[in-house]
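Right, one structure below, let's go through it.
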Amino acid sequence: MAEEIITPVYCTGVSAQVQKQRAKELGLGRHENAIKYLGQDYEQLRARCLQSGTLFRDEAFPPVPQSLGFKDLGPNSSKTYGIKWKRPTELLSNPQFIVDGATRTDICQGALGDCWLLAAIASLTLNDTLLHRVVPHGQSFQNGYAGIFHFQLWQFGEWVDVVVDDLLPIKDGKLVFVHSAEGNEFWSALLEKAYAKVNGSYESLSGGSTSEGFEDFTGGVTEWYELRKAPSDLYQIILKALERGSLLGCSIDISSVLDMEAITFKKLVKGHAYSVTGAKQVNYRGQMVNLIRMRNPWGEVEWTGAWSDSSSEWNSVDPYEREQLRVKMEDGEFWMSFRDFMREFTRLEICNLTPDALKSRTIRKWNTTLYEGTWRRGSTAGGCRNYPATFWVNPQFKIRLDETDDPDDYGDRESGCSFVLALMQKHRRRERRFGRDMETIGFAVYEVPPELVGQPALHLKRDFFLANASRARSEQFINLREVSTRFRLPPGEYVVVPSTFEPNKEGDFVLRFFSEKSAGTAELDDQIQANLPDEQVLSEEEIDENFKALFRQLAGEDMEISVKELRTILNRIISKHKDLRTKGFSLESCRSMVNLMDRDGNGKLGLVEFNILWNRIRNYLSIFRKFDLDKSGSMSAYEMRMAIESAGFKLNKKLYELIITRYSEPDLAVDFDNFVCCLVRLETMFRFFKTLDTDLDGVVTFDLFKWLQLTMFA
């Protein structure tokens, strides 16, 4: 068969962002309506290839060295020498996608350090429902084969349908990366390729945690527990997690490479990911004993200590209960006491699933909320609490906890509301090839004081954080893709502040709330408004004679000041203020000032108009000096935010991002002329809107002419 090269269609720019938001509101990105990754439609592409008799070749992730990697697996690396790309049909006469269902033996690690990903894939094989949410049915190398396959992955709040061709990296006639033990099944190798595609390359998959794979295959949120310092109610947490259909994994840390695969005296394997499949209390000689059921998906080596299959402890358990609990299949599944579990294992991971992944009506489900956000230099990247001058500019989110946990959920403890917070930074694996790795991230939780409870969702300012300590926080700031922590707090309102550790570190993030009871959430942001003074109505007689004399001197014979003359005047005046950092006013900024003040529409300023502008600039100068806190002659981007508010404008964080991008220098400094231009522009746009909003409903409608008139000449 010939190959058909398909080139993806990309949509870029602001219009794409608007289009994406509208589509999301209509349900695009849910699992049942997954986004076609890079615009590639599996059914259409497959049909086209079948019709033309060609095999699919994916130019969005082509079979070239750059798809392998950028450093250790880069184009000039010795590790990639001799690698070719071949289809399974070129390697075998009868390749298979899946044989007799997916099993752990389908997943053997190759020459890539992505065991974390393979452990997550192996866990999927234990749950057919979850597996086939990722690996859709109906794919094969026989009926309807066209060299194209697809998989569904969760990516930062959205499900995407990822198309791949079946050209796989081969060296010495064998698959370089993931392969099956039998050598004739290829679903796992193709799934790995799809995951490499969304992350930019195979090398981008090197190094990670199983929880990352769990989340991208389920859309769930993961909790980590170091068992040496686990909370006292961990057994109850495990019971609740199993009750909610969560995936649980645990492992024994290794101290060196030599420890990997080492088997302990009681037949536990170090460095392997075990699954927790059950928990039960049993009556043992008159006392209740907490048990944990485990499974080693990698083999049939089983625990031989207390409560193992052949242990004597079972002889002291009621026969009926014993039959209900005892594992009869030799499949690596076994029971052990919770006390032994805490002593023998090192770490526990719990992946809490979203309601859409849980089809059973008997399973209790989490209440979930997801927010997307950004950290941008100078506007929303304030760093952690160690930086009080800027911490307050970070994005903020409010949680309202009303319902306490059920009394029987956690025993006799004090009542409270349980929830999990998870902060995830986006696209960092994909950006490794550009030298950008994980930022150090975390979050803090603040209790809203009584006087602010129920108030509008306004962004909290610096004074609040200077006066109030955090009520809770992430366990640490760390350079992982996700930081998550379980909390239990009294009913009330709380504000969550996600941040990077240091200020001015840029990135996109997802913040997720998983609560056991319903909880109200909202993003805190200021409402856009302007407290502008009424436009002055002056006559020439009211203007000071000294100012009139100055105007006559500046305006010339026509007694009006043009844009060019205004620029000369302002730059001459500003040059005398040696304490100001400025490059002078541009013609464009002076044109904006004239447009704001020009009442008769002749493109020039008369005496009254110039007088009003002059007084306004003097006011701007006093504000500028007030917020130039270090007297450097310029303001920082964060100082500018406070200065804009002092001038009467309240803006949301997105507008501040745009303003800083447009009016600050590369070092985030804002000089006086840019500050004036910004305020003039803001006032002009607010006044235009106010004029057009005749019914005062906060909405105006433009035809194309009015839109162009406003944007081109305002």
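Even glycines carry a Cβ here, placed using N, Cα and C.
Of all ranges given (15-30, 303-318, 527-542), Swiss-Prot attaches the label region 'Linker' to 527-542. Ranked by Cα separation from His272 (active site), the recorded positions Cys115, Glu323, Asp628, Asp630, Ser632 are led by Cys115. For the domain 'EF-hand 4' (680-714), the partner stretch with the most Cβ pairs below 8 Å, chosen from 55-354, 541-576, 585-618, is 585-618.
Listed in chain order, the extra residues whose Cβ falls within 8 Å of the Cβ center of the Ca(2+) 2 site residues Ser316, Asp318, Glu323 are Val282, Trp314, Asn315, Val317, Pro319, Tyr320, Glu321, Arg322. Residue counts for the domain 'EF-hand 3' (615-650) by DSSP state, with H, G and I taken as helix and E and B as strand, are 23 helix, 4 strand, 9 coil.
Between the CA atoms of Asp630 (Ca(2+) 4 binding site) and Asp318 (Ca(2+) 2 binding site) there is a gap of 77 Å, rounded to the nearest whole number.
Across the structure, Ser316 (Ca(2+) 2 binding site) and Cys115 (active site) place their CA atoms 41 angstrom apart.
Between the C-alpha atoms of Asn296 (active site) and Glu639 (Ca(2+) 4 binding site), the distance comes to 57 Å. Computed over the region 'Domain III' (355-526), the whole-number mean pLDDT of the model equals 89.
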